[in-house]
Amino acid sequence: MSVAPRTDGVLVDRYGRVARDLRVSLTDKCNLRCTYCMPAEGLPWLAGPELLSDEEIVRLVRVAVERLGVTEVRFTGGEPLIRPGLVGIVAAVAALDPRPRISLTTNGIGLDRLAPALRTAGLDRVNVSLDTLDPGRFTQLTRRPRLDAVLAGLAGAAAAGLSPVKINSVLMRGVNEDEAPALLRFAVEHDYQLRIIEQMPLDAQHGWDRSTMVTADEILTSLRTRFDLSPDPAERGAAPAETWLVDGGPARVGVIASVTRPFCGDCDRTRLTADGQVRACLFATDESDLRAALRGGADDDDLAGRWRTAMWGKRAGHGIDDPTFLQPTRPMSAIGG
Ligand code: SAM
Ligand code: SF4
């Protein structure tokens, strides 16, 4: 094994993993306040000049695609739909050569209005976060009465031809832990693909508790009370979701067991925060400041080299179960979920 990062080519780390999937946070702000993500009062948001401009984002994505072998670009946040320049950013990234696949993770509010323009700009796929179908629970969970807007966003995404439309759900004990079968029924009926994610220690309030987390095993047990789940013959690759065929298929459901069955050994991700920091992992405790380099006049080769060095230092795993585990100082909404 070599002991130093390569000076050219792809984003490889010392364990041989190659990062081809780039997550870009477009903003740390959000129009919801999901209890597992941020406090009711919000967070101290990044100031305007700290955020990368649209041009800076496109330049860094171009470096990743042209020089570092990135083939997938996912925009996230915070809530990416509230970034004014989103459609233009998607269009500019879709014009890159080679063209990466482009996706979006969103809470869906406003997606009904924006989906056609995003599709035309080159967006390929979308993941909409939805944890409950009950309006009261939705308001309790997100602290905003916006369930109808999210449902409209899902329908608008499908109508605009974004495919597949995936739903991301997080189950919380005592809140919506009984809702897995209802969410799957809804997804199957609308031809959306459901993925249920174990809650991770990434909330700004540090309220996560391993002992009360709803585990993948519990999620599967709950789904099996209503559905027959059989292993999906499709290759999993670096995908975080373990998938099952629902009642023989073709519908599928995914469970992302980030905590109880970590998939760090197959991780192919690299992350760029809204203020231009490269992170090798959601749980990384260090960042590499590409914004400072970029604003200091670094050329594309220099930026690519810094990115490679940052990824070379990626740790083997997130270590949530280690006694020495430290939750990252930035919450998920600031890193980009
Ligand atoms: N606002 C967008 C949304 O909600 O989809 C994008 C950002 S959000 C941080 C990305 C995803 O992270 C969402 O699906 C959300 O449910 C999930 N998420 C947030 N906090 C989480 C946590 N502590 N554990 C697991 N997933 C979490
Ligand atoms: Fe906003 Fe997404 Fe966090 Fe919910 S999970 S508060 S929608 S960033």
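Glycine residues also receive a Cβ, built from the backbone N, Cα and C atoms like all the rest.
For ARG23, ARG74, THR105, LYS166, ARG269, THR270, ARG271, the entry in TrEMBL reads GTP binding site. All protein chains included, ARG271 (GTP binding site) registers 24 other Cβ atoms within 10 Å of its own Cβ. Mapped onto three states, the DSSP output places ARG271 (GTP binding site) in strand.
According to DSSP, CYS37 ([4Fe-4S] cluster 1 binding site) sits in a coil region rather than a helix or strand. Positions annotated as [4Fe-4S] cluster 1 binding site by TrEMBL: CYS30, CYS34, CYS37.
Neighbour count (other Cβ atoms within 10 Å of the Cβ, all protein chains): 20 for MET200 (S-adenosyl-L-methionine binding site). What TrEMBL records for TYR36, GLY78, SER129, MET200 is S-adenosyl-L-methionine binding site.
Taking a C-beta cut-off of under 8 angstroms and a sequence separation of 6 or more, CYS264 ([4Fe-4S] cluster 2 binding site) has the following same-chain neighbours: CYS281, ALA316, GLY317, HIS318. Taken from TrEMBL, the feature [4Fe-4S] cluster 2 binding site applies to CYS264, CYS267, CYS281.
According to TrEMBL, the domain 'Radical SAM core' annotation covers 14-232.
Highlighted here would be the binding-site residues (ARG23, THR105, LYS166, MET200, CYS264) whose C-beta falls below 6 Å from ligand 2, but none qualifies. Recorded residues MET200 (S-adenosyl-L-methionine binding site) and ARG269 (GTP binding site) have their alpha carbons 17 Å apart, per Cα-Cα distance. When the binding-site residues CYS30, CYS34, CYS37 are compared by Cα distance to ARG269 (GTP binding site), the shortest distance belongs to CYS37. Take the mean position of the Cβ atoms of CYS264, CYS267, CYS281, the recorded [4Fe-4S] cluster 2 site; other residues of that chain with a Cβ within 8 Å of it are ARG17, PRO262, PHE263, ARG269, ALA280, LEU282, PHE283, LYS314, ARG315, ALA316, GLY317, HIS318.
Averaged across the domain 'Radical SAM core' (14-232), pLDDT for the predicted model comes to 96.
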